[in-house]
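Peer 1: What TrEMBL lists as active site, nucleophile is CYS81. Per TrEMBL, the feature active site maps to HIS167, GLU169. Feature annotation from TrEMBL assigns ATP binding site to SER222, GLY223, GLY224, VAL225, ASP226, SER227, ALA228. Among the features that TrEMBL reports, domain 'GMPS ATP-PPase' is placed at 194-392.
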Amino acid sequence: MPRPVLVVDFGAQYAQLIARRVREVNLYSEVIPHTMDIAEVRAKNPAALVLSGGPSSVYADGAPALHEELLQLGVPVFGICYGFQAMTQALGGTVAQTGQREYGRTSMDVRGGHLHEGLGDVHQVWMSHGDAVSGAPEGFEVTATTPGAPVAAFECEGKKMAGVQYHPEVLHSPHGQAVLRRFLLDFAGLEPTWTPGNIAEQLIEQVREQVGPEGRAICGLSGGVDSAVAAALVQRAIGDRLTCVFVDHGLLRAGEREQVEQDFVSATGANLVTVHEHEAFLSKLAGVMDPEAKRKAIGAEFIRSFERAVAGVLESAPEGATVDYLVQGTLYPDVVESGGGSGTANIKSHHNVGGLPDDVEFKLVEPLRLLFKDEVRAVGRELGLPKEIVGRQPFPGPGLGIRIIGEVTEERLQTLRAADAIVREELTAAGLDDTIWQCPVVLLADVRSVGVQGDGRTYGHPVVLRPVSSEDAMTADWTRVPYDVLERISTRITNEVQEVNRVVLDVTSKPPGTIEWE
Ligand code: XMP
């Protein structure tokens, strides 16, 4: 991996977002806790540091401390919000306890310097602070001010250090990314080499090293982006020594099995074993109404099916060969949220895929553990995966099982699949795929509504459209899909899907509603 830009996390909700913004400059970044031992930081051989925001006051009891040695590593440093204030104090400037808070969109006057040059004399920036820097450290030029921050930005090109009181990483600071980019490329002089082509090449090389010339691996495909890209990388690295396993639980959407069986295989040349477990899943779902009970039933059956498939692969391995590695599509946000840590954990397989025989122990291969979702997509495109797989909307593991309100039956699955396929087709045709995070289609199987079609009265079911816009699925808003698109969807569904005689639109944000109905 290239030398990282380390984002020192002072407890900001934005540290990961900052790391993403650095990656958008085509530079590799990692988030580290502010408590990390200085020797460990040195060992990472950072190319630059970005000090994140954090609690509102550097004077607060227990405020996270900045290791002053970080500023003596001889690498460029950029401070943001709390990090800006902590850096100021450490370098001999002053931070005033104003007792006042400046919060939200703020107008900032630019006075000079390089980082804000030519971006406008007055910027809009996003502020969230109490204390304010009142005196820049010696040798630093004050380059911007706001009503609540006499020193809203400073820089010293000679020392390759700078900082801003505002949050450049959020979209409410429209020039923030330009300022960060200038710092990293112009002040710090870093080479933007973190590109999809280079990332793919490095990851393939890493997998080759980890698995070695003889090692064999297995990978469960879900149909989703992460497992597909992870498998494609490992396939490039070790070829036929990878076997992919796909459990078709019968709760997939129209065309998804074909996407894996045909498109994925022809794009990658991977060995694929599909197990058709349709009936096993349906029989476990018979009579189950409660959402959590459905999830449990599907999850448990999934583990059993996967276990059977793995046992089959292990048995059919060539004489004397063992399968030692399990590929997983873990992404960087999961790694950061579970406390980081590097290297590959050597875990008992059942901690992850559950239920595998106790004597089967896999080593994990997690080629995506340093990537964000958008990078995974870019690498997938680089590897030639079809856009239907790379651009796929998030889809819950329990599949259509949690989009049928009521008992799951084969007939209901067929109805929902048909309605869902129409919705996807029309949204794509209207060019809305990038606007919409995902659009669950929900069948209210236990509700009936009266309709009229031709000369006859119908007594069918409603489906609900749930188009949402979101950045991370933690919060979401309902997407304002144009009326003419909604009209086409409604007309087609009620004409083409016999059991459905009503199409309704969910106009609830999250919170209070969740994205899925169950
Ligand atoms: P909610 O409904 O909680 O969904 O707003 C947030 C995101 O998570 C997905 N989701 C799931 N994914 N297993 C999954 O793998 C599940 O049981 C599950 N439930 C919800 C949902 O599609 C959305 O992207």
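Yeah, the Cβs are placed from backbone N, Cα and C, and that goes for glycine too.
How about a rundown of where these features are and what they're close to?
Peer 2: Counting every protein chain shown, the number of other Cβ atoms lying within 10 Å of the Cβ of CYS81 (active site, nucleophile) is 26.
Every protein chain shown contributes to the tally, and the Cβ of HIS167 (active site) ends up with 23 other Cβ atoms within 10 Å.
Residue density at GLU169 (active site): 28 other Cβ atoms are found within 10 A of its Cβ, drawing on all protein chains shown.
In the three-state DSSP classification, ASP226 (ATP binding site) falls within a helix.
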Peer 1: Which residues, same chain and not among SER222, GLY223, GLY224, VAL225, ASP226, SER227, ALA228, have a CB within 8 angstroms of the centroid of the CB atoms at the recorded ATP site?
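Peer 2: Neighbours within 8 Å of the Cβ centroid, excluding SER222, GLY223, GLY224, VAL225, ASP226, SER227, ALA228: LEU221, VAL229, GLY329, ILE389, ARG392.
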Peer 1: What is the separation, in Å, between the Cα atoms of SER222 (ATP binding site) and CYS81 (active site, nucleophile)?
Peer 2: 41
Peer 1: Taking Cα-Cα distance, which of the recorded positions CYS81, GLY224, SER227, ALA228 are within 10 Å of HIS167 (active site)?
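Peer 2: Of CYS81, GLY224, SER227, ALA228, within range: CYS81.
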Peer 1: Helix, strand or coil by DSSP: which one applies to GLU169 (active site)?
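Peer 2: GLU169 (active site) sits in coil per DSSP, no helix or strand.
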